[in-house]
Each structure stands twice: as structure tokens, then as C-alpha cells.
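A short write-up of the structure that comes next.
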Amino acid sequence: MAQLYFRYGTMNSGKSIEILKVAYNYEEQGKPVVLLTSRLDDRDEVGYISSRIGMRRKAYPIGNDTDIFDYIDDISPRPYCVLIDEAQFLTRANVYDLARIVDELDIPVMAFGLKNDFQNNLFEGSKYLLLLSDKIEEIKTICHYCSRKATMVLRMEDGEPVYEGVQVQIGGHESYISVCRKHWFNPPRERIVPLKQN
């Protein structure tokens with residue numbers, strides 16, 4: 001029986017490499033998958049899932065107006081799994097489409113994304129995935145400043161932490177640092193530096 005999975009983690013926790021690994025494992029067995037990503041994510045190129053280690057795959061870009069259920073229902077032959085990157089950017093309607101794909105088409109759906117934003121609020125997509133998913137799994141990484149588990153994202157502008165502003169600001173190493181709760185509230189000022197670019 002198919003299930004809806006939500007695998008969440010902070011920035012730089014390996015979500016994109018995990019989605020590419022899952023796709024590879026299915027396809028190695030001759031089982032086609034569908035890769036989806038947010039139309040908002042243009043860090044590399046719209047319509048691609050890219051990992052920090054250099055792997056990338058083409059994916060269908062979805063937006064607020066995309067009927068994901070109809071898109072998947074029209075694919076023949078049916079995919080064995082639907083994989084979604086940047087799932088935090090999904091809308092409530094998008095997430096309900098994913099639940100319908102699982103329940104009505106009996107296709108497993110795995111959504112990967114951030115849980116909370118830089119203000120420590122849930123993203124809309126993450127909120128509804130937490131409510132509707134059959135399985136919720138955390139992809140872990142460590143704090144930029146210590147060895148604790150990173151659970152939050154710190155937005156940086158000109159070397160300073162930012163706690164106010166628009167929720168969605170597409171960025172990577174230059175804009176966001178994964179931190180533990182302690183260092184989200186009190187980042188060590190003398191050690192605030194953006195992550196190195198590869």
C-alpha cells in the first residue's frame with residue numbers, strides 16, 4: 001500500500017542527494033519515477049534538482065497553480081514513485097494532490113524539504129505535509145557553530161543574522177546557515193561567516 005512520506009531537514013542536510021539516490025535505486029531496478037521540484041528554486045536552473053556535490057537531474061517544475069494529481073494521472077506507464085524536492089514551497093492544494101496520488105492512484109510519494117523558515121515558522125507546504133504524511137523522517141546535520149543537531153536556519157545578510165523579512169528568499173551557502181536552537185537565538189558574533197563556496 002502506497003504512503004506519503006515527508007523527509008525534512010535544515011539547509012545542507014543532504015536532502016537533494018537523498019532524493020537523487022532514491023531515484024537511482026528505483027531506476028536501477030527498471031522502475032521509472034517522476035521527479036518534481038519547485039518552480040521557485042532557481043539557484044541552479046529552474047526544473048533541476050541539484051546537490052552540493054555536483055549531481056543534478058532534470059525535474060518537472062511545479063508552481064502554485066500546478067495540478068499535480070492530473071499531471072501524474074496522465075503519465076503512462078504509471079511511475080513507481082513520485083519524488084519532490086523543495087517541498088516546503090508547495091501550497092495546501094499541492095499537498096492535497098499528493099495525498100490523492102497516494103490514496104487514489106496507489107503511488108508512493110516522497111517529499112523532501114525544509115520544515116521551518118529563518119524566522120522559525122513552518123512553511124505552508126511543510127505544515128500540510130506534517131499534517132497529512134503517513135511517515136515523517138528527519139534528515140539530520142550538525143550546527144555550523146557546534147556539534148549539536150541543527151534544527152533551524154539562520155539567514156545571513158552582510159555577515160549579520162536576520163530575523164525579519166519575507167519568508168521566501170531563494171539562496172544557498174551565501175544566505176543561510178544551519179544551526180542548533182542555542183545558536184539560532186545567540187549566534188557567536190566573532191564566528192559569523194558564510195559557508196565556503198565549492
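Backbone N, Cα and C atoms are what each Cβ position is placed from, and that goes for glycine too.
Listed in Swiss-Prot for this protein:
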type	residues	note
BINDING	GLY9, THR10, MET11, ASN12, SER13, GLY14, LYS15, SER16, ASP85, GLU86, ALA87, GLN88	ATP binding site
ACT_SITE	GLU86	active site, proton acceptor
BINDING	CYS143, CYS146, CYS180, HIS183	Zn(2+) binding site
Can you give me the same-chain residues 6 or more apart in sequence from SER13 (ATP binding site) with a CB-CB distance under 8 Å? ILE139, LYS140, THR141, ALA150, SER178
If you measure between the CA atoms of the residue listed as 'active site, proton acceptor' and LYS15 (ATP binding site) and round to the nearest Å, you get 9
C-beta crowding around LYS15 (ATP binding site), within 10 angstroms: 24
Using other CB atoms within 10 angstroms as the count, which residue among the binding-site residues GLY9, MET11, CYS143, CYS146, CYS180 scores least? CYS146
For MET11 (ATP binding site), which of the three DSSP-derived states applies: helix, strand, or coil? coil
Integer Cα-Cα distance in angstrom, CYS180 (Zn(2+) binding site) to ASP85 (ATP binding site): 23
For ASP85 (ATP binding site), which DSSP three-state class applies? strand
Largest CA-to-CA spread of ATP binders GLY9, THR10, MET11, ASN12, SER13, GLY14, LYS15, SER16, ASP85, GLU86, ALA87, GLN88, angstrom: 15
Of all the binding-site residues given, namely GLY9, LYS15, ASP85, which is spatially nearest to HIS183 (Zn(2+) binding site) at the Cα level? GLY9
With a radius of 8 angstroms around the mean position of the C-beta atoms of CYS143, CYS146, CYS180, HIS183, what other residues of the same chain does the Zn(2+) site pick up? ILE142, HIS144, TYR145, SER147, ARG148, ALA150, VAL179, ARG181, LYS182, TRP184
